[in-house]
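Here is what TrEMBL says about this protein:
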- 11-95: region 'Disordered' (REGION)
- 171-404: domain 'ABC transporter' (DOMAIN)
- 367-384: transmembrane segment (TRANSMEM)
- 485-510: transmembrane segment (TRANSMEM)
- 522-541: transmembrane segment (TRANSMEM)
- 562-585: transmembrane segment (TRANSMEM)
- 605-630: transmembrane segment (TRANSMEM)
- 642-667: transmembrane segment (TRANSMEM)
- 746-772: transmembrane segment (TRANSMEM)
Amino acid sequence: MYTYLKFGLPRVFPPNAGSQRSHNRQMGGPGGGRGRVNRGYRESQPIGGASSGYDSSDNETTRGRVPPNLRKFRSESDFRQLGVVPTSRPSSRAHGNIPLAALKQANSRASIAGTHLNHHAPNSRHYGNRSHSEADLLGPDTYDYDSRLYAPSRARSDQVLLSRRQSPLGLVYPNIQVHSLDVSPGVRGVSLQAKAGDLFAIMATSQKEGTALTEALAGLRDRLAGEILVNGQHITQRGLRDLCGYVPAPDRAALDPRMSVQSTLSFHASLRGPIDRSDLKERIDILIEDLGLTAVRTANVSRLTHSERQRLSVACQLLTQASVLVLDQATTSMDIFDTFFLVEYLRQWCSSGRIVIMTLQPPTFEILSMCSGVLLLSGGRTVFSGSRSDLPRHMGTLGYPCPPFKNPADYYLDLVTLDDLSAAAMLESSARIDSLASAWEQVNAELPIGAPPAAMPNFTKRAGAFKQITTLCKRYIVYKQPGSLLSWISRLIAAAVLSLCIGCIFWDVPATDPQLLQNDRLGYHHCIMAVAFWPLLLLTIRDLHEDREHAEREIALRLYSRPLYIIVQSVLSVMPSLCIWLAYLLPAHSMAGLYSYTTSSDRGIYIYMGYMLLYLMAIQALALFAAHFFSAKTNASVFTGLIMLAVSSVGGYSIHAASIPTFWTWVQVVSPERWLLPVLAEDEYSAETIANTAGLQLCRNKQVQHQEIIVQQPCPPPNGTQILADHLLLPRDHALDPKNMHEATIIGLCVAACLLFVLAFVAFSANTWRLFTRKKRSARER
């Protein structure tokens, strides 16, 4: 809370202010050490639970010390309303009300706020004659974070000082330098430099430009030109990925909504975490508390607020202990208090010898004053890059000083934004932007001297293949529960309901059609194999697409590989899918009464279930391929429907085999229904089955006169072989192997399922979604 007072803001409690630990616990620093973390949380629970709140009446640190004519910790705007000219900085006003004991605490927010307050003692320079421009506060007279890097305060811990290695020339390491970087789309000639302890802000007029630049800095996007040096050494794209932690934009955050906060952090830490994992659980607990996630620790990500999801994304990357943290749109759609809390936390985190580079759009004056460096982009060109305190000075020399009472971030970002409301405004703004960018290019025509080479910072640890497999299995079995279990149960219930509906339609088929006149047996098999399973297939495609969307975000962060993901996903879904298909087959088959009049053993039911499970798993493999090939659920469903319509039309029931056109007869060879229907019909129309079902029926056409009495004789059993011959379903008409249709059908179904899985594996590994995504992006840009 003292950080807020330092910048002249009202009293604001961070999230989860009621959860407080001792001040002597510290976060991890480089090399296994621990730096300072956010402390000084309020003892009592604030109003609103876990959200930030403003409290202007209660202050346990200043009770009895506030002057009666002054409201507690007022902001700069409060003094303007009272017409009072301040004689000191807002932070110095707050300093007089901070207890001495709190200032002496090494890790408290009071000590952080009071680190620089001694520079503004009553005997030092006063600000009574300062100009009315807020940009003046960005000048060298204010507390500059750049100076802290070379002359740290005694309040800092020795761990922080040791983590910052300095070269003979005084440069602080780690150090990152970017020279003339070109990135698609539209970012060209960007240069910047950041060192240990810097919180570097990227302010771009277009979000896609900021995203492209941050992804290039994190090694997730190819750079067209330019070079990136870390500690004076050239680094490859893969090296950047292993060195930097990357927090993507909120709409691309790698957070599974069915996982809890605790499970999400454990999952990310298992795949990419610190080298020393001895105290990993403690680190997770510290991050959860410090980032205000204690109240939602066991809640699913889908129940979190936007600010909580953003803080969780940041926490996942802080666990990696990366030397450079890159954030894209981390504060988008967040309110001022949550934004201030997150940026201040990152500022303290990087003060332990790390670098934070983040996009801000646009920051408030207080947040801008927390940044040590600024990069101003417009149309992909650099307008300014350097120290935050040099921004007003540079723009002022070009004839654009910040007006009084104006936020410099808002003013300068508006100044370099293209105005397309009218043709005249567009010409004027484009000429202004071009002149500002050209002026900066002239000032920085020569490349800066690279930093002296030094040892590279510690790279993050990534999980191997075996660890990735075990972590993915643990996510499906443990982390995503009970969400995954409920999803499978819902599909199981849907399968059972569909089976009951089919059983009601085809109730007791042998009793209703003993003479084989209505083809109910073949109709039942066709309904099971081509019609009734569609709701289950659509649910499967939906679930696959949801899992795929979350997996793409995690794969983009290089948490695991594509082949391992689809293999684990497919293997773990086999047993639940078999249970679902059994629930789809058993009730309907029992209610239809098939094989119920057979005198032999129950071997027929097991054979039927085995064949049908192979067939349905092959159909599910087709849905798996479609879901991984197409980027939209609708396209995948339509493709699967067209394929099933084509192969089922020649299956032997919808269209008579003799009526199929010559050019379409080849489809019978690849139709699983055409393979399987003769095998099922063979037992269904066997002489034994028909004799048992038709022997109890009396035939009205068989009336014999016996001793002047007319006797009704039983009907002769119908000829099942003739029925199969009429439909061309005899073994000799089998599409694969007329001599041994049973083995040929089993082999054909297994080969079809494996082939479709291989196609799905190739489609996912090759990331065919990129083709559709690029087309959509090009259409939107046009």
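First residue shown is number 1, and so on along the chain.
For all residues, glycine too, the Cβ spot is worked out from N, Cα and C.
Unlike curated records, TrEMBL annotations are generated automatically.
The recorded stretches the transmembrane segment (485-510) and the transmembrane segment (642-667) do not share 3+ CB pairs below 8 A when only pairs 6 or more apart in sequence are counted, and are therefore not in contact. Using the rule of three or more Cβ pairs under 8 Å, pairs at least 6 apart in sequence, the transmembrane segment (562-585) is in contact with the transmembrane segment (746-772). The transmembrane segment (642-667) shares the most Cβ pairs under 8 Å with 522-541, out of the stretches 367-384, 522-541, 605-630, 746-772.
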